[in-house]
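Per TrEMBL, these features apply:
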- 41-240: domain 'Neurotransmitter-gated ion-channel ligand-binding' (DOMAIN)
- 248-343: domain 'Neurotransmitter-gated ion-channel transmembrane' (DOMAIN)
- 1-21: signal peptide (SIGNAL)
- 241-263: transmembrane segment (TRANSMEM)
- 275-295: transmembrane segment (TRANSMEM)
- 307-325: transmembrane segment (TRANSMEM)
- 425-444: transmembrane segment (TRANSMEM)
Amino acid sequence: MFCRCFCFFSLCLFLPTQRRCALGHVSDLHGRDTTSLPGFENLTMGYNKYLRPYFGGEPVQIAMSLDIASISSISESDMDYTATIYLRQRWTDPRLVFHGNKSFTLDARLVELLWVPDTYIVESKRSFLHDVTVGNRLIRLFSNGTILYALRITTTVACNMDLSKYPMDTQTCRLQLESWGYDENDVIFTWLRGNDSVHGIEKLRLSQYTVERYYTLVSMSQQETGSYPRLILQFELRRNVLYFILETYVPSTLLVMLSWVSFWITLDSVPARTCIGVTTVLSMTTLMIGSRSSLSKTNCFIKAIDVYLGICFSFIFGALVEYAVAHYSSSQKRAAKAPQEGRASELSKEKDEVNITNILNSSITSYKRKISFTSIEISSDNVNCSDLTMKTHEKIKCVLRNKMHRIISYFTIQNPSNVDHYSKLLFPLFFMLVNVFYWAYYLYF
């Protein structure tokens, strides 16, 4: 029975006007009448595929549903995603009503002879209809004139992304369906069953993302030529951060901890401490370059992962600078002690060769010179700048000199070995505090 119906409907579509589909009969070239399926007669008489149903009257109600077969790729650099979808559209055409309560699936090539909605995908960059082994389209006709038109489409759609919290970000993407030429006076788009009109998206397994939630919307697109109906599927994608923790965060943290090893090495071990500092700095630089190269087109964003790598690099570089400061202070201290020790050694050698008078004279002279030098250079902060005999500019210079000496003495490292001692405590403490603020901000704000 199905074959007879299908053949009859096909004939009605393709026969020339001289051949008429009469009520309950088909007239062939030889004038013989054959019985057809009751209710399929006159199906295409007066049908014009260039005119929509209810032409000149009420708009056509088009109900849609979607099956998301897959989302094959999500590109942060191009800011788009590629999805394969099954799009199903339903509308009623009173010109195709026939008797009975059955539905018939027709050859998809017959869609060229029917009126169909001009639906397109908004913000689509590339789209194509699958055609293996034939065009993946379906036409189903119901007795009340309802038509089901289904398509299998793969499309690449733009998705604007905010990567400031990458890789702890959540992106919101849309799939939007809109009428191209028919405005709201001609067609009305609706979801067939609201949120239940979309299937398959909750079962998707993506490499870097998890679908948090999705919902459907109905809106109007205001254009210069009119107001066009639009259906929106909006879904949120939360990135899986575990991969990035193992790939970037853990190695960078370990490099920071490796730089702290130098605090337990003595200041005299110059090759060891320099090697650790330079190696960790270079390794951190390589890690930063590798992280940014994976998203080369999004370098305009200051991402969360860039902030963390910058923090780690700062702590590693700080450990190297700490050793430079400690070693320089230690060298200066040893250089300051060397002349005093040399002078003491010379005096001990000449002790047996000079008499007591010369020793006393030498000591008094040295003492006077030392007092004079100290009063001018070292203890200048004790100079009385309120002397009435001093001029105004001299008093200003005196005050500034005293202030500078106080500042210099405040930052002077008396014991260079204490630098490492304090660094062992301060570097880990500050790094932990920075991590607490970092993760709290990007995870909860």
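Positions of Cβ are set from backbone N, Cα and C atoms, glycine also.
Curation does not apply to TrEMBL; its annotations are automatic.
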I'd like the per-state residue tally for the domain 'Neurotransmitter-gated ion-channel transmembrane' (248-343) from DSSP, helix first, then strand, then coil. 84 helix, 0 strand, 12 coil
Which sequence-distant residues neighbour the transmembrane segment (425-444)? Criterion: at least 6 residues beyond either end, Cβ under 8 Å. 165, 168, 256, 260, 263, 304, 307-308, 311, 315, 318-319, 322
Given the model, what does the mean pLDDT over the domain 'Neurotransmitter-gated ion-channel ligand-binding' (41-240) come out as? 92
